[in-house]
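Chemist: Got a structure for you, questions after.
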Amino acid sequence: MSVDTATVAKIASLARIKVSESELEAMVPELNGILAWVEQLGEVDTANVEPMTAVIPNTLRLRDDVVDADPLTGGGRRDAVLANAPVAEHGFFGVPKVIE
Amino acid sequence: MTELTELGVAAIRDGVKAGDFTAVEVADAFNANVAAAQEALNAFIIATPEKATEAAKATDARRAAGEDLGKMGGVPIGMKDLFATFDVQTTAASHILEGFKPQYESTVSQNLWNAGAGMLGKLNLDQFAMGSSNETSYFGNVISPWRKAGSNAPLAPGGSSGGSSAALAARLCPAATGTDTGGSIRQPAAFTGTTGIKPTYGRCSRWGVVAFASSLDQAGPMARSTQDCAIMLEAMAGFDPKDATSLELPVPNWEALLSADLSGKTVGIPREYRMDGMDAEIVALWDQGVAWLKDAGAKVIDISLPHTKYALPTYYIIAPAEASSNLARYDGVRYGLRDLPDGANLQDMYAATRAAGFGAEVKRRILIGTYVLSAGFYDAYYTQAQKVRTLISQDFAKAFEECDVILAPTTPTAAFALGENVDDPLSMYLNDVFSVPASLAGLPAMSVPAGLSKDGLPLGLQIIGKAFDEQGVLNAGLAIEQRAQFTAKPEKWW
Amino acid sequence: MTETTYRIQGASGEWEVVIGLEVHAQVSSNAKLFSGAATAFGAEPNSQVSLIDAAMPGMLPVPNKECIRQAVRTGMAINAEINKYSRFDRKNYFYADLPQGYQISQLYHPIVGEGSLTIEADEKAGIPEDKVIGIERIHVEQDAGKLMHDQHPTMSYVDLNRVGVALMEIVSRPDMRSPAEAGAYVSKLRQILRYVGSCDGNMDQGSMRADVNVSVRRPGGELGTRTETKNVNSVRFVMQAIEHEASRQVDVLESGGKIVQETRLFDPNTGSTRSMRSKEDAHDYRYFPDPDLLPLILEDAFLEDCRASLPELPDAKKARYENELGLSAYNAQVLTADVDTARWFEVLLGETAKAAGKAPAEVSKQAANWLISELFGALNKLGTSLEESPVTPEKGGALLALIAKGTISGSAAKQVLEIMLETGDEAEAIVEREGLKQESDTGAIEAEVDTILAANADKVEQYKAGKVALFGFFVGQTMKAMKGKGNPQVVNEILKAKLG
């Protein structure tokens, strides 16, 4: 499968990365080169193979239902949450107005 | 007395403990080296001499009070700028995180500070750890302290932990953290004559480490000896309930159990790693490695890892796919760069911010990852890659029925010149051909400096071990280290 | 197979409506699905946000056991298959209420598989018989944050408090054929969730919202194209949205148009739906297994624990009330409609039986009638609810026991209840204070009866001659003499004996 500029433009839009026309032009052969190369995986017979889920055998641990047991994973720290915000007002993050 | 900056982790730890010198003296010496080399090598994104000094003072005070100094007491280290450090700028070498000061500390860095280490600064790297040469950093290349004999052309320190490797080789720090997704500890270690180990996936917590590819990312130590790596890995590793993929296992006493006696051990040599057109120097080095391990008492056998050739393409589907999702959070809303063109709406802001904030390689990988996950392509690319990944992992499992560790080269060549591969992403990706398979299987793997190329550049050998068997890897590494007697260091030109 | 007759009369004939619902129910848990931040409603903006919820670099999710447990219990309550192997997937899209740039959900391997619930026959609503509605799956996922658009002229404000709160998405089969069925389904689901305790069902606080999938077709014909109306947050609105959307679709089709598969918004002010601005790539979510989370494997012991903790569910409770307690179908229905009412009733029943020294089945009708006709009526007048009732079920039980033991009369009990509602005092204290105790002592009543009969010998003669209607006269006279405190039953018995 190979991509054209329209496809790359669509992918870039999905990924929310603005690309100029000239960037698009440059990306098409690059991406096609990489895609053609990874497509050699198609030749591997994986008929009875399960996709990998856990690289090292391990089970999913669950956390107890406790609020703010650890400040690193709990809430109640608005200052830390907003500390790096480009725009924060009245305890909120600010973004350009959204019309729904 | 040797210069303090020539000392490694064990020597500093023991020297401070014994009172041969103070931790502050050590910090001062390294702080000075960091400052002196910054302009030429650009190994650090920011230096934090005050942090190093503060930790050193604390160590000296503890010593005065007769308290335990910790596994890394008095050892100043470099911190790859992928680890979140409290209120200290953490960027992943990306413009999109420029100025970001985390209000939290990564588990691994916290473990190191708890063990008595201090921070010399935040080390440069490939942007979001995507790269093999450190050329994708927004904050400029790291220049390797190594040069080819008779040449002043700047060389790549490897990547993505290129700041770490360069700083170690140039004696700007005795040890540094690295992270390895497809070879990012081992390849730069090999390029700079330093030692690094990627432990079993899940040994070191990923909490607070800027994510590249979650199922592959693993932190590890980089230093100038196997023993130093063992000490630092003990300090870094450990179960972390905040990381759902963290291994709930005790941390072994790797340092105490180091042994270069490989009697009764079997070393596997994967025939698929012997590729057509392979550099004769690399082949010779590999053969030398075999001889050394035999000398150490090991039995050496041929093994087969049949799906080796598919490892790189598998990696270049899975890693970008995960990255495309992991990097979605950099959107200019809550932290980092915001680019808001006039009249832009929210979605325009995202696109502009991400266009301005991410470098070319990061964008390339995000686009590939987005594409392989998109409707209609998911099974052909992503699911197939995860199936092949299963096969690659099974190859190792089968091989380890017959052997204890695997010996291979770390990289197909010695360090290349900056700019050499920058326009050809594929040839850059091929650098990871020997390191990626172990990453895909989550196995511990290390690179040990083993010799010099005809141009006088370091070459590394790689040891891959069974899951959880860092000890076996470290022991084989030590056996090579003792026989290779690698003492070369870059001539100081900076 | 039950066929409802709900049809839309179009110009070209009849249309049938096909409805499926995706209900998002907030899991009752203290902390969020993947972080330790609180889930309480109405907190200060961004005060219940962890570094994980804000998607700071390097943050990782660890699932909350309680959320998993509640989803499993809910699955068990709808007799669903519980998947011992499930996985979390990432659903990728960009929006300001979604800090990670993806929602952690379960697409490929949900925790709960196929199940069902039964909606009850309701002639008036056009549901002639009980009907089983299939439930395709329940999966667990993260809620998103909230955007406020009216606080600033050029900016929207983002509050991440809800980010990462656990939701169960409960996906029905397209088995409903009328707004009433859909309404009954949501009500029944809410009832079950509240019984299980896995969701508080507070629709006005957003604890339950429905995405409503509607299509129309010729009766029994091929399925039409459906639209999805998002985030409808009351039973009434669900029904309105369906009515509006179905007739809109009929209008479109009858005027030669085509239905576009799209996402729509419900406007509660007009009761209508409108198209959301469509995004070209809105549907390419690039789902893939979350590499930060391993597969979730449920152990047998955990499942047994979940099952053992399930309460008696509404259908079973209603049947027991009818069969074992002998309540009418109507009363059983009323008392089991909400878990809080049932809980209240059961304490009342237990207390009444205990205080009266009788078996529950002997006092159940009395307790049910009193709760439904007396207390509900009184609370209604006061404009309050059972939850806020000053009369607790314990106090109510004590009151009912006084009636059962004959200590007070039914009419006195009404008086006592009124005072209880005002003061919150114990029934016995009120009876004592107000002198409402009735006389049940046979000796005392006999003496009064003898006096009355002696004073009215002529009437006794007439009675004995066959004018039995005079019995009421004697009762009245006796009660009057006793100032209304004679136990009417005892008075009756004694009069009957004396009059032969």
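Positions of Cβ are set from backbone N, Cα and C atoms, glycine also.
Keep in mind that TrEMBL annotations are predicted by a computer and have not been checked by a curator.
So TrEMBL lists these for the protein:
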- B:Lys80: active site, charge relay system (ACT_SITE)
- B:Ser160: active site, charge relay system (ACT_SITE)
- B:Ser184: active site, acyl-ester intermediate (ACT_SITE)
- B:26-474: domain 'Amidase' (DOMAIN)
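Show me how these features fit into the structure around them.
Modeler: With a cut-off of 8 Å between CB atoms and residues at least 6 apart in sequence, the same chain places B:Lys122, B:Leu123, B:Leu125, B:Ser161, B:Gly163, B:Ser164, B:Ala176, B:Thr177, B:Gly178, B:Thr179 near B:Lys80 (active site, charge relay system), listed in sequence order.
Of all Cβ atoms in the shown protein chains, 35 besides its own fall within 10 Å of the Cβ of B:Ser160 (active site, charge relay system). A coil conformation is recorded for B:Ser160 (active site, charge relay system) in the three-state DSSP classification, outside any helix or strand.
All protein chains included, B:Ser184 (active site, acyl-ester intermediate) registers 36 other Cβ atoms within 10 Å of its own Cβ.
When pLDDT is averaged over the domain 'Amidase' (B:26-474), the result is 97.
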Chemist: What does DSSP call B:Lys80 (active site, charge relay system) in the simple three-state scheme?
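Modeler: Assignment for B:Lys80 (active site, charge relay system) reads strand.
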Chemist: Between the Cα atoms of B:Ser184 (active site, acyl-ester intermediate) and B:Ser160 (active site, charge relay system), what distance do you get, rounded to the nearest Å?
Modeler: 5
